[in-house]
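Taken from Swiss-Prot as is:
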type	residues	note
BINDING	GLY8, ARG9, SER10, GLY11, SER12, GLY13, LYS14, SER15	ATP binding site
BINDING	ASP56, VAL57, ARG58, ASN59	GTP binding site
Amino acid sequence: MELIIMSGRSGSGKSVALRALEDLGYYCVDNIPLALIPQLTDYLEKLKRSVVVSLDVRNLPEDPDVLEQVLHAFPSHISKTLIFLDCQRKALVRRYSDSRRLHPLSTHDLSLENVIDLENHLLEPLFQHADYIIDTTYFSSHELAEKLRELLNGSSEKELNIIVESFGFKYGIPADADYVFDVRFLPNPHWNLELRPMTGLEKPVIDFLENQSEVHQFISHTCNYLEVWLPLLEQNNRSYLTIAIGCTGGKHRSVFVAEKLARYIESKGKKVRVRHCSLEKHYKTS
């Protein structure tokens with residue numbers, strides 16, 4: 001099991017970091033008391049989940065020895081990593097000024113600069129135990145997310161989850177579609193009485209469409225389009241991309257083309273899922 005403890009200066013980007021790690025599949029818990037972390041890891045270990053816990057200055061024990069004991073109490077089979085987000089004071093002051101949020105320690109009768117210095121002192125034991133220290137002073141949110149992905153995965157590229165779906169225009173365009181391709185101009189198996197009851201998943205329909213040059217040409221051009229633009233979409237920090245292929249009823253052509261495009265994307269090493277939005281409607285009415 002992997003346990004990542006995320007801490008750092010207030011305003012250094014811990015919330016951004018948690019969102020980025022959640023996108024990577026980690027179970028994230030914000031501001032958990034230090035004493036509860038062992039109980040949480042025991043529970044999640046049974047579920048085979050890796051976890052990220054965020055610690056801020058309010059959840060730390062006053063005695064540094066207690067922190068030391070907790071950090072060294074985890075069993076050896078738990079892979080523990082402590083990441084500390086650092087940031088220069090002038091950048092923290094600017095961020096708090098821009099956001100107009102209160103610092104967690106602002107109840108003290110101190111200026112913001114003095115509160116930041118106090119927090120630095122209180123966080124020093126965590127800083128000393130950190131496996132990785134990331135200075136976020138000049139990072140944008142995207143750059144921090146990329147840094148974390150590079151640190152944990154060995155690559156700054158975010159994995160893009162791609163969904164290829166077929167649909168029928170008669171039922172409406174799927175609301176979640178990022179790209180919509182219209183294949184109603186392709187030869188239609190519907191006009192073949194033997195093929196009409198079948199779907200684009202069945203061999204006679206597949207054979208029919210495989211023999212149409214227009215179908216191959218469309219798939220080839222669409223694959224070329226995706227090959228050019230998918231890398232740029234991945235660099236844009238997207239988590240999901242939905243490609244919708246539509247024909248009249250969502251039964252033959254769109255189903256066949258969606259399957260072909262999904263296999264092509266999969267052959268490029270991408271994570272892809274296929275769903276056929278309108279087939280269920282046909283099964284219900286048949």
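Cβ atoms here come from the backbone N, Cα and C positions, even for glycine.
Source: prediction; values computed, not measured.
Projection of Swiss-Prot feature records onto the structure.
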{"residue": "GLY8", "record": "ATP binding site", "Cβ contacts under 8 Å, 6 or more apart": "LYS14, ILE83, PHE84, LEU85, ASP86, CYS87, LEU123, ILE134, THR136"}
{"residue": "ARG9", "record": "ATP binding site", "Cβ contacts under 8 Å, 6 or more apart": "LEU85, ASP86, CYS87, LEU92, ILE116, GLU119, ASN120, LEU123"}
{"residue": "SER10", "record": "ATP binding site", "Cβ contacts under 8 Å, 6 or more apart": "ASP56, VAL57, LEU92, HIS103, PRO104, LEU105, ILE116, GLU119"}
{"residue": "GLY11", "record": "ATP binding site", "Cβ contacts under 8 Å, 6 or more apart": "CYS87, LEU92, ARG95, TYR96, HIS103"}
{"residue": "SER12", "record": "ATP binding site", "Cβ contacts under 8 Å, 6 or more apart": "LEU85, ASP86, CYS87, LEU92, THR136"}
{"residue": "GLY13", "record": "ATP binding site", "Cβ contacts under 8 Å, 6 or more apart": "LEU85, CYS87, THR136, PHE139, SER141, LEU144"}
{"residue": "SER15", "record": "ATP binding site", "Cβ contacts under 8 Å, 6 or more apart": "ASP30"}
{"residue": "ARG58", "record": "GTP binding site", "Cβ contacts under 8 Å, 6 or more apart": "ASN31, PRO104, LEU105"}
{"residue": "ASN59", "record": "GTP binding site", "Cβ contacts under 8 Å, 6 or more apart": "ASN31, ILE32, PRO33, LEU34"}
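Sequence-ordered, the extra residues of this chain that approach the GTP site, with Cβ no more than 8 Å from the Cβ center of ASP56, VAL57, ARG58, ASN59, are ASN31, LEU55, LEU60, PRO104. DSSP assigns VAL57 (GTP binding site) to a helical segment in the three-state reduction. Counting every protein chain shown, the number of other Cβ atoms lying within 10 Å of the Cβ of LYS14 (ATP binding site) is 22.
Reduced to three states, the DSSP call for GLY8 (ATP binding site) is strand. Counting Cβ atoms from all protein chains shown, ASP56 (GTP binding site) has 20 others lying within 10 Å of its own Cβ.
DSSP classifies GLY13 (ATP binding site) as coil under the three-state reduction.
Within 8 Å of the centroid of the Cβ atoms of GLY8, ARG9, SER10, GLY11, SER12, GLY13, LYS14, SER15, where the record puts ATP, the same chain has further Cβ atoms from LEU85, CYS87, THR136.
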